[in-house]
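Listed in TrEMBL for this protein:
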TRANSMEM  B:15-32  transmembrane segment
TRANSMEM  B:129-145  transmembrane segment
TRANSMEM  B:151-170  transmembrane segment
TRANSMEM  B:177-199  transmembrane segment
TRANSMEM  B:205-230  transmembrane segment
TRANSMEM  B:304-324  transmembrane segment
TRANSMEM  B:344-367  transmembrane segment
Amino acid sequence: MGTITALGLILLICMVAVGGTQGLQAWISLIFNFSALFFAMVLMAFHLPPVLVTLVTGVIVLAMTIFLGGNDSSSTMVAFYASVAVLILLVILIIPVEHWSQIQGFGQEDSEDLEGMSTILGISYLNVAISTAILSTLGAIAEAAIAIAAGLAEILEQHPKITLKNLQGAGFKVGSQIIGTTFNTLFFGFFGGFLALFIWFAGVHYSPGEILNDKILVGEVLMVLFSMMAVIATIPLTTWAMVASERQARKRFLK
Amino acid sequence: MINEANKPHSFWQRWWPYVVVILGALLVLGVAHDDGLYQTPILKIQSVKTISSDKQTDQFNNEDRQVEQELHGVITNGPNKGKNLKIENTYLKSGATTLGYHTGQKVFLTVHHHQGHLSATISNLKRDTALAFTVWLTISLLLILMRFSGLMALCSVVVNGVLFWLAVSWNTHTQGGIVLLIFGGLAIVFAALTLLIVIGFNRQMLMTLLATIGGTALSIIVALIVFALTHERGVYYESMQYVTQLPRPLFLAETILGSLGAVMDESTDIIASLMALKTEKPDISAKQIFKSGRQIGGEIMGPLVNVLFFIFVAETLPLALLFLKNANSWGYTFNMTMSLGVVQSLISGIGIVLTIPLACGITSLMIGGHKSWGRLRH
């Protein structure tokens, strides 16, 4: 048995042992997300526009992660709408920043990997960089949206008569509780993965100026920042979506 | 949201995020004009002329356009400041390794003096302004929307960033010989410091720290056992990027750090919710605490595993596409570009799941109904 299969099976067993049906759903969503990512990559290799492929994949992935992750159907709907809104805002931000910073493709640190490879590709790597940045934030968006929506749904359950203004305040309060730890999830997730690059910088004695203008480092830091902004934006957007859906529900109740 | 108008110093309390935002904006403006700080000569491109644009094909029938351009610009720093220069640049439209330039961009130069004649080639694009702008935008959003909790989140990231860099330098001094020891040990320091900033020093923080360290350690132990049993089949260390030292311990160090944040996130969530539950229902039994903890954990583990999965695997996309366009099979492409990211996601996932019973167990032992634990309380 290969290592990946073995680890995957152990993860399945652990998830089901701890979470039951929900654990199984979590595992399925992981497998699904991998397939979606791989499929998106193959479509890009067949010259479909990368950003368009990414947007469609992004919405599907958000739906799968949120609907397979959450329990309560009304709060998961809100989380889904809010996360799609965040995704759209993020794309509007990512496209100009990537055009400005020009971090697409490979840097001089990658030359070993590129040896013997043809770089005549016919795919715009600027668009691939935009796609990569969008894809890397999807998990963070989904997680934050679920956390805020679930937290608010619980508050609504315990205090069904809470005013909408207080509900909004509660949303920001839940947000302030998750922001510190979520930032660290993102920080360690990205920087842990790029430990080797930092060791390279230190070993070859890059100057601060070289590091701050390095294609790969700037690209990497931008991805962390996009994810962080996605989480920050998710807090008010999910809260407002929740308040709006509650307002509608109450109006319907009055009629 | 919070009424601060009645308190003294309310002006400062209310407006400090905006002051920071304005100061930051000035700083970004400064970075846009920091050419004098660089030793390397910088050229500001003033006009671009396309000389030729030809179709290129390779042996895999990929098609691209090769563009030749002539850049005119002026040097903005150093002894040659103010001198005009003409540079030729050739790039492929796809832009995987080469770059096309346009008017207004600033580039770093390698200058050659040839019999009193000045010529130069471009070594890199100046990207610091774009970076500074995005950092500024993130911090501004964070402080305006989240205020004090945003500031704390920022502090913990900055502290961890500094520590991270110190650890990297230490690793270089020891030639990478004890990389696992350095980053394993530092993971504990990272976790302790972050939790101190986020929670503050109390029993809850110690419990969270214990669960975080335990969960991360468990995932690595499980991974090592699986590696030994499967003889690491399908783990291609040679596909690791930027490797300057022994890859296997480096990979494990990357995995520990990568999953640390998520495991910490999760144990913080579970233990904080359980503590709140205990305050609400003081006579709740240890068993009930364990059960509710498991339910909370079950809800958050799926999304958390996916956060790390997208971080680890999405960034392999550019290289994977390059492999596919070089007529490699899907399987080979996966092995050489994505497999390590997937292994990392799976190990982190196992850590995230195993942390749940650990965090619940620690909490129910510490605050559960047992009288014998009572004297350990404050």
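Backbone N, Cα and C atoms are what each Cβ position is placed from, and that goes for glycine too.
TrEMBL labels come from automatic prediction, so no person has curated them.
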Maximum Cβ pairs under 8 Å to the transmembrane segment (B:205-230) - stretch from the list B:15-32, B:129-145, B:177-199, B:304-324: B:177-199
Within-chain partners of the transmembrane segment (B:151-170) [C-beta distance under 8 Å, separation at least 6 from its ends]: 139, 142-143, 182-183, 186, 189-190, 193-194, 197-198
Non-local residues, at least 6 beyond the ends, that sit with Cβ under 8 Å of the transmembrane segment (B:15-32): 128-129, 132-133, 136, 139-140, 143-144, 147, 150
Surrounding residues of the transmembrane segment (B:129-145) on its own chain - C-beta under 8 Å, 6+ positions past either end: 17-18, 20-21, 24-25, 27-28, 31-32, 151, 153-154
